[in-house]
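*Asks:* Pasting the feature list from TrEMBL:
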BINDING   Asp12, Ile13, His14, His38, Ser39, Asp60, Ile61, Gly62, Phe65, Pro66, Asp67, Asn68, Asp69, Phe143  4-CDP-2-C-methyl-D-erythritol 2-phosphate binding site
BINDING   Asp12, His14, His46  divalent metal cation binding site
DOMAIN    8-158  domain '2-C-methyl-D-erythritol 2,4-cyclodiphosphate synthase'
SITE      His38  site 'Transition state stabilizer'
SITE      Thr137  site 'Transition state stabilizer'
Amino acid sequence: MELKYSFALGFDIHPLVEGRKLRIGGVEIPSSFGPLGHSDGDALLHALMDAMLSASGLPDIGTLFPDNDPAYKDIDSTLLLEKVLEAISQRGFKVYQVDLTLILDKPKLSPFYEAIKENLSRLLRISKERVGLKAKTSEGLLFPKESPAIMAFSLIVLEKV
């Protein structure tokens, strides 16, 4: 019997530094700091892409989009997501549902939930009801004030088409 669904977990973390834009799920969030990374550092999309790739049996984003390749310097992660969607489609999969958790001490993300969910729904071509999104703080236990960071987890369900 052939599998109808495939599941995987994705993870990403980036230190936060002054002077970088903070993009979460492809949405720019007003902030004086953002993730340090080779691309735009969108940890939510990076965790999501890693889960998608794993669930479809493909290599991770670091392998497909290496951080030493100048082609990906400061690239918008939504462009990488489009490539990942095409790759999983070629393997016979489409996104069915996603559940995402962000850990970020500041800024508070509740004012941006709907915009992030709507953007993810549009990018993934699924209904907003199939996009779960939660944001948590580390309560100072994971990231000291002198070393802020953003961490993201993604659980993906792909459907075989």
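Cβ coordinates come from backbone N, Cα and C, glycine included.
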*Asks:* Restricting to the same chain and to sequence separations of six or more, state which residues have a Cβ under 8 Å from that of Phe65 (4-CDP-2-C-methyl-D-erythritol 2-phosphate binding site).
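*Replies:* Sequence-distant Cβ neighbours: Ser39, Tyr72, Ile75, Leu80, Lys83.
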*Asks:* In this structure, which of the recorded positions His14, His38, His46 has the fewest other Cβ atoms within 10 Å of its Cβ?
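*Replies:* Checked His14, His38, His46; of these recorded positions, fewest Cβ neighbours within 10 Å: His38.
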*Asks:* In angstrom units, rounded to an integer, how far apart are the Cα atoms of His14 (4-CDP-2-C-methyl-D-erythritol 2-phosphate binding site) and His46 (divalent metal cation binding site)?
*Replies:* 10
*Asks:* Of the recorded positions His38, His46, Thr137, which one has its Cα closest to the Cα of Asp12 (4-CDP-2-C-methyl-D-erythritol 2-phosphate binding site)?
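*Replies:* That would be His46, nearest by Cα distance.
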*Asks:* I'd like the Cβ neighbour count for Ser39 (4-CDP-2-C-methyl-D-erythritol 2-phosphate binding site), meaning other Cβ atoms within 10 Å of its Cβ, all protein chains included.
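*Replies:* There are 21 of them.
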*Asks:* For His46 (divalent metal cation binding site), identify the closest of the recorded positions Ile61, Asp67, Asp69, Thr137, judging by Cα separation.
*Replies:* Ile61
*Asks:* Between His38 (site 'Transition state stabilizer') and Asp67 (4-CDP-2-C-methyl-D-erythritol 2-phosphate binding site), what C-alpha distance do you get in Å?
*Replies:* 6
*Asks:* Just to verify a number: CA distance, Asp67 (4-CDP-2-C-methyl-D-erythritol 2-phosphate binding site) to Thr137 (site 'Transition state stabilizer'), in angstrom, no decimals.
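*Replies:* Given the Cα positions, Asp67 (4-CDP-2-C-methyl-D-erythritol 2-phosphate binding site) is 28 Å from Thr137 (site 'Transition state stabilizer').
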*Asks:* Per DSSP, to which secondary structure element type does Asp69 (4-CDP-2-C-methyl-D-erythritol 2-phosphate binding site) belong, with helix, strand and coil as the options?
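*Replies:* Once the DSSP labels are grouped into three classes, Asp69 (4-CDP-2-C-methyl-D-erythritol 2-phosphate binding site) ends up as coil.
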*Asks:* Among Asp12, Ile13, His14, His38, Ser39, Asp60, Ile61, Gly62, Phe65, Pro66, Asp67, Asn68, Asp69, Phe143, the annotated 4-CDP-2-C-methyl-D-erythritol 2-phosphate contacts, find the widest CA pair distance and round it to a whole Å.
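*Replies:* Largest Cα to Cα distance for the 4-CDP-2-C-methyl-D-erythritol 2-phosphate-binding set is 29 Å.
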*Asks:* Helix, strand or coil at His46 (divalent metal cation binding site), per DSSP?
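*Replies:* For His46 (divalent metal cation binding site) - judged by DSSP and reduced to three states - the answer is helix.
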*Asks:* State the count of C-beta atoms found within 10 angstroms of the C-beta of Asp12 (4-CDP-2-C-methyl-D-erythritol 2-phosphate binding site), not counting that atom itself.
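*Replies:* Summing over all protein chains shown, Asp12 (4-CDP-2-C-methyl-D-erythritol 2-phosphate binding site) has 23 other Cβ atoms within 10 Å.
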*Asks:* Would you mind pulling the DSSP three-state label for His38 (site 'Transition state stabilizer')?
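*Replies:* DSSP assigns His38 (site 'Transition state stabilizer') to coil.
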